[in-house]
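Record features (TrEMBL):
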| type | residues | note |
| --- | --- | --- |
| TRANSMEM | A:12-35 | transmembrane segment |
| TRANSMEM | A:55-79 | transmembrane segment |
| TRANSMEM | A:91-114 | transmembrane segment |
| TRANSMEM | A:134-152 | transmembrane segment |
| TRANSMEM | A:172-190 | transmembrane segment |
| TRANSMEM | A:196-214 | transmembrane segment |
| TRANSMEM | A:221-240 | transmembrane segment |
| TRANSMEM | A:246-264 | transmembrane segment |
Amino acid sequence: MKMEAFLSYGFLQRALLAGVFVAIACALLGVFLILKRDAMIGHGLAHVTFAGVALGLLLNIMPLAMALAIAVLTALGIMKLKETAGLYGDTAIAIFSSVGFALGILLVTLAHSFNVDLFGYLFGEILAINTSEVWLSVVLALIVVLIVILNYHKFMYVTFDREAAKASGIKVGHLDVALTVLTAVTIVLGMKVVGILLVSALVVIPAAAGLQLAANFKQAIVLSSIVAVISVVLGLFLAFYFDFPASGSIVILSFLFFGFSFLFKRLRR
Amino acid sequence: MDSSANEPKELIIVQNISFSYGYTDVLTDVTFSINSGDFLAVIGPNGSGKTTLIKIILGLLKPNQGGIRIMGKPLDEFTDWSSLGYVPQKATHIDPFFPVSVKEVVHMGLLSSRKFPRFSKKEEELSAHRALTHVGMERFKNWRIGNLSGGQQQRVFIARAIVNQPDILFLDEPTTGVDAETQEHFYDMLDKLNKKEGITIVLITHDYGVVNKHVTQVACLNQRLVYHGSHEEFCRSEAFKEILAEGHHMISHRH
């Protein structure tokens, strides 16, 4: 009965639809990012996304679209900077993320948008997602998932043994760009679900949970996706029935799953 | 694997290759060729350019001067990457927690030959099975790579490198961190691949003492190519005497 009531609300259906697809995209990319020792890229890009949102609010252009453009450009910038400027690992991320956030604060002040809208972007507003945003999220998330799955062996090879992958004629550079762009898109989509401040959790924690238990790569991908989807669905359920904040619930739940898998792994030994 | 490889043909030609990192010259004017059926040891002290040379041959590094021809084609026109197998040096330093099974690692090797429409899945399974059997690792196929010993991991990486049945196999210090007994088995296995399967082998090593009874050719590098020729002649050569005179370093670097 309760489930029926749960699903009878339009806003919940929209939240579930967008949430589930975005969760899978986040989990898939999370696995690759963690194994590439690049888990913090999500955190960094999320902060830059703030500047995109602010610019959208200022110019009165759909903030989600603006955020997408800014995030993709920044992600490519970080990648180039890492390759060419010889900066240590996450220095580029640290610089871009703080400058992005600073820019966001400036733009938001200019746009006089320190209001509820902005808080939605910072802390997540999945229950307030509108129809056009749902479709944009679902379609983009589906594209991300499809690209990852179709090229999954190649991404796995490059992540595991870059040199050997290169020597076998795989276009490693193309895959780098693809993974970077996919990450940027996914971060922006995740922002819609749990907010700028928590999106990196949605990318990292379910994947980290999956990686605890997986005996092979396929399992890592599947388990991470399952953890992400259950966290989002249960989180929305809690938000609806107990009036918890959806974003916080989703992240805490995924952390609990991580905790369980961490303990399970240790006990199994 | 070419069964008509009785008469040696030049698989790889290295022409006047020079390479430097910044102001440090690593290779200077290196010229030699690798014939089909060779079991070539590339030896030389640390920093003598062995790995750099192999990376240049494989197109991973661009030389400052000179050129490479593989199977008659200049490197930048060469596309048949599945005919080359490569076991990189760092394979012994892979991430032990990476969640990947032995079978998945071997399947990676099939990607270079995968075209649309791709090989049938059955065929891929069969190739992987055959490669793992060759290196005696078939029964470990569902193991996580990090749970294997160093020697076993190297066997898996060789399986990945030979899964496409390549004509030539490059190995960069494959037995680093592997105990002496396992090393012996390992080189016996390479012998088999070379003599029975006809795979040309290029082996970078600084343990010439261990490999010398297996190899047919030697290339001795020390920024320049100090010697290139058969193992027998090498033992009579000035280069060999020099190396002996220089002490133990070159022959056996392990402690």
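Cβ coordinates are placed from backbone N, Cα and C, and glycine is handled just like the others.
Owing to the predicted nature of the structure, the values given are computational and were not obtained by experimental measurement.
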(message) Can you tell me which parts of the same chain pack against the transmembrane segment (A:55-79), counting only residues 6+ beyond its ends and a CB-CB cutoff under 8 A?
(response) 41, 44-45, 48-49, 92-93, 96, 100, 107-108, 110-111, 113, 117-118, 121, 133, 136, 176-177, 180-181, 183-185, 187-188, 191-192
(message) Short question: most Cβ pairs under 8 Å with the transmembrane segment (A:12-35), which of A:91-114, A:134-152, A:172-190, A:221-240, A:246-264?
(response) A:221-240
(message) When you look at the transmembrane segment (A:172-190) alongside the transmembrane segment (A:246-264), do they share 3+ Cβ pairs under 8 Å, ignoring any pair fewer than 6 residues apart in sequence?
(response) no
(message) Which residues of the chain, 6 or more past the ends of the transmembrane segment (A:91-114), have a CB below 8 A from one of its CBs?
(response) 40-41, 43-55, 57-58, 70, 74, 77-78, 81-82, 85
